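Here is the structure we will look at.
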Amino acid sequence: MPIKPLIILPDPILREVSKPVEHVDSTIQKLADDMLETMYDAQGVGLAAIQIGIPLRMLVIDVSRNETQKNPLVIINPEILWLSDERNICKEGCLSIPEYYTEIERPKRLCVRYQDREGKQTEIEADHLLATCLQHEIDHLNGRLFIDHISKIKRDMVIRKFKKRAKEKNAQEAIL
């Protein structure tokens with residue numbers, strides 16, 4: 001299972017809306033395995049397929065924080081059924097926006113209908129960290145980033161920083 005390269009801001013692919021997975025088959029299951037390996041390697045708790053350049057409505061999450069007892073979720077074609085009125089503030093980061101963390105307010109609980117790794121339709125009710133991760137990763141599938149939940153001034157600052165970083169990286173690669 002190969003580790004996939006992560007797409008990093010300001011790459012415009014992160015703003016694409018992902019398309020539904022039509023059939024869960026061995027190709028999709030292999031992609032799920034690759035995504036999990038990539039997420040674990042990057043020490044993340046969630047990863048959307050678009051973050052490795054694949055615009056499919058698919059994500060993986062593992063909030064267990066336990067090296068020995070992993071509890072991965074493979075979520076295909078998620079649909080949010082409801083969000084609670086009660087809110088929660090959680091410090092978020094993103095594998096596609098490395099080394100940037102900020103507090104984001106989101107609904108504390110939600111219910112999501114999705115297909116699992118075998119293609120079986122199921123539902124999950126989640127709260128706290130899992131609810132935050134689900135909302136964060138589903139945002140990715142809709143072309144949204146967690147920085148879209150902060151003020152425009154802060155968001156523009158973050159985008160400028162990552163554009164500058166990408167420009168410097170490209171200039172350095174051109175020299176080599």
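Note: Cβ is positioned from N, Cα and C throughout, glycine not excepted.
Here's what Swiss-Prot has on this protein:
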type: ACT_SITE; residues: E137; note: active site
type: BINDING; residues: C94, H136, H140; note: Fe cation binding site
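Sequence-distant contacts (6 or more apart, same chain, Cβ under 8 Å) of H136 (Fe cation binding site) comprise G46, E92, C94, F146.
Around the Cβ of H140 (Fe cation binding site), 24 further Cβ atoms fall within 10 Å across all displayed protein chains.
Report note: the Fe cation site is defined by C94, H136, H140, and the residues of the same chain whose CB lies within 8 Å of the CB centroid of those residues, excluding them, are G46, A48, Q51, E92, L95, S96, E137, D139, L145, F146.
DSSP assigns C94 (Fe cation binding site) to a strand segment in the three-state reduction. Just so you know, the Cβ of C94 (Fe cation binding site) picks up 24 other Cβ atoms within 10 Å once every protein chain is counted. Long-range neighbours of E137 (active site) (same chain, six or more residues apart, CB within less than 8 Å of its CB): G46, L47, A48, L59, I61, I75.
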